[in-house]
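**Q** Starting off with a structure, shown below.
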């Protein structure tokens, strides 16, 4: 059941207090603080619904949270609660509507005690109702009833959160135009209904605020700026006006849609977004200072002063449409004035098309009339646009011909009309749209109806659906009606908290305990806390400080030792030890906490500790060292930074190959390493501490530079950055050329060793070095596209490459440094797109073959990937040449076909037709089918790449597609349906399955006609398509089902509840539950030869399960991947695996072992790791395997495909 209310949310001050600028802790009432999400219904552990938007808490309290000394005062309007709506936009463009009430609420006692906040203090709090339905009135009414019920003196019959839970979970979404839902909150009856879908879009707002704030001319100009995609900033002092005006503007540009950044109420800390280079529509409180922003080209609309200012000018609106638009709006807004003029001319009615609105207060009729006026304006301007949709392969809109036609119909010169910028921009939304899209788009259907009505001289209102039929009444009953009780009333002096789970309560206590301990340890050096400070002598004050420093270090020593005892099941970042150490580091202005923590580690190392950390300890230590170095950097405390760098080079963990992974490698994101002055100071310290003062000076300098070089390579500084700083220090100390060559050789050698295993480390940002020299690191390289070198043995010795430099960079940035002659190699391209030197042999350039190729072509993240298998393309002649092709889909809305056999020119074809993200791909001998978030399924000819059919019928994004025999296509969607299509007739044969929520995975057995589908409704559904009946609803999972596999009578499902289940199709029962993972199971696979099961999870583990006489047992665990397992593809003797961190692996089961499978424990254990390529730095969205040719392809968020050919051994 779809519900009106998605969430009830409470936001305010939580246990972790942080100011708007990011400072932790409580800093008094003069600061504003970041709000947190405190409570919600449904709770976070609810299985059926996704969590609220992460930006919700920041947006509902846009100014932040303020502390107050008093609460509500009936004599002080500034203390009154405020009610206002906001609108959030998700990444796919869908809107979330939120009604908010902000008020002052007492600060929780445990928070006040932990942060030493004055007793009886108040802080801003906000309660919100979240919905996908734009019914602002019912959202506001329901929320205000909840608020009044909470603070009512008479109280409520039930606990407040029970009332909230019943309202959120029980009120259904009414069918548009057919139903009206009635529901009650205590004694208040509320109703909600939705207009029909074939009329104007649902707008439950009043347009009166817009026409009250702007005059007619400014209203028309504003509409033009929005429609022509200018950046728009609205200013006013009322939150409600910002959202209502922004929504009204969006409705007045119908049938066009605003598809760019949309933030009607911008939170104050996001004011820098106003300088964004892309078009946007934002609203901001007029009290926020924007004087420091450039706002070049931004249209600023001041609603309080009816003023529009901008540096951009729009071309004039074409006539006679402009005069018509202005006149119609004037009639609507000022009927008495217009009526006087009309009576003088002997006209007694306002209009034959519109009813009389004179002397009536503004209401829904006025809103409708205003919308129809603008729609009629667009219908008139775009009259006959369909005749200029060219019937060609591109289906583009011929704007030149359309404008020439307008010039003839309006008797205006052709050339000015063709060159009219406004007319061109009017046509721009149509260009590139297919004729098929026009015919199925409801927006343009209504526009066409209005154009036809205008042409026939009919009333424009006749195009809207009639509301003569009375809607069906649906009544939501109160859950406690008819239940006798004690008659007790529930009253509150503050908005109550929802019941917390034990885990939530424990985490809250740990956070507050860490804060309280930090105050206990570091509070004594705060002058306001020590009344004797003014009476102490300088010596006494120094002694007191020494005692305080010693006390903190003793505490840190104990916490550090306990931190090293964290177990494998402990969460390091939520432990008491981690939280307390972090609080001591961050709350200490003098740096005692940070330096003391680093000193504890150093002393522990000198006492004989082997410096090896577990995974849990490694995470905690890494984060604590980053914080300590950041704090020391802000104080220019180079001593602490230096010590932290040295201890980080000793502490390590062992990776899966038993190779030490040092903490130092994970500190590269800190900006201090890019500063030359730090390394110069560190070098001077090493020279002062050198014990071999009698040695040759050049040798002494060289030895210390080698130490610096080791740290730079350990951090992963780019080679050019590291060598620039080493070379600068070396030149300052006048060492000879032999020492230069030795140091350069050492740096090249360790960089190659490091990059060969770990890959090239991506820097956090390109910063400026201390002498105003730009970083030599390329500014074009993006973090998510950084890739490692494919092998260390590239045939290039360090002598040949050690002085290679980009000459342009040398001349501009390194003019102070000695110039070296670069080798004469020509440049090639690495995976990250940066230049790379290659060898030149006497016979010419040698082409290196690698086992990993990077395929470029997409401009957005890869979201779908399919491998054309031998089974798909087999025919009577044999295997077709396209077996082994890979087909990819992306957020750039395109589908691309790749031929791995054509090394260097793999891209065979690009298929364009979708206008939103491609989510699913399938193929057969002659066709490719793709499903998209645009709710359509496109069928292409694989050979000619022509678009054959567009299958439309789904009401949500298409999540799964599959080509079947007999020219059929099976599709599943987020609308909960599974449909079968006949490609030859371009129609839906049947809706073969219906789920109660989005379908995320689907399996079909074409031999027996059985369909299995599952998703967000946590049920695996089995249908017999040939018998047209549902066989089973397999219930047992408690969270979303992400993967499903059906083989014969067995169905395997993997879920977000961390379990996989094995079901019997014939019996409709669960045979086994596989529950050994520590995260959601994203993929499951069945090994048919030995009847084994393989599961992959977000915990990075690959588990092999087998059936024996005892039952299902885990026969083998594989831990070579460190991120979520995204794909498992099993054949008879080969198994392909892909993970989210771009790591791939291929497993092999030797044929000679097949004879021994009858023995227990020998089946699934026969799978052995065959080969794995070097991992690259990229986040992967999807993986596909071609086991026949031993190829695995991964698609990354950076738009790159990484094709691994395991038959090439590098």
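Just so you know, glycine gets a Cβ as well, placed from its N, Cα and C.
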**Q** May I ask you to indicate which of 774-798, 849-873, 874-898 is given in TrEMBL as region 'Disordered'?
**A** 774-798
**Q** Quick test of your reading of TrEMBL: among 814-847, 916-949, 950-983, 984-1017, where does it put region 'Disordered'?
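**A** Per TrEMBL, the stretch marked region 'Disordered' is 814-847.
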**Q** What parts of the chain pack near the repeat 'WD' (881-899), using Cβ distances under 8 Å and only residues at least 6 beyond its ends?
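**A** Contacts of the repeat 'WD' (881-899) (Cβ under 8 Å, skipping residues fewer than 6 from its ends): 855, 857-870, 872-873, 906-912, 914-921, 923, 928, 930, 932, 940, 942, 945, 1184, 1186, 1188-1189, 1191, 1193, 1195, 1199, 1201, 1203.
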**Q** By DSSP assignment, list the helix, strand and coil residue numbers for the repeat 'WD' (951-991), in that order.
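**A** Tallied per class, the repeat 'WD' (951-991) gives 0 helix, 26 strand, 15 coil.
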**Q** Within the repeat 'WD' (1074-1106), how many residues are helix, strand or coil going by DSSP?
**A** 0 helix, 19 strand, 14 coil
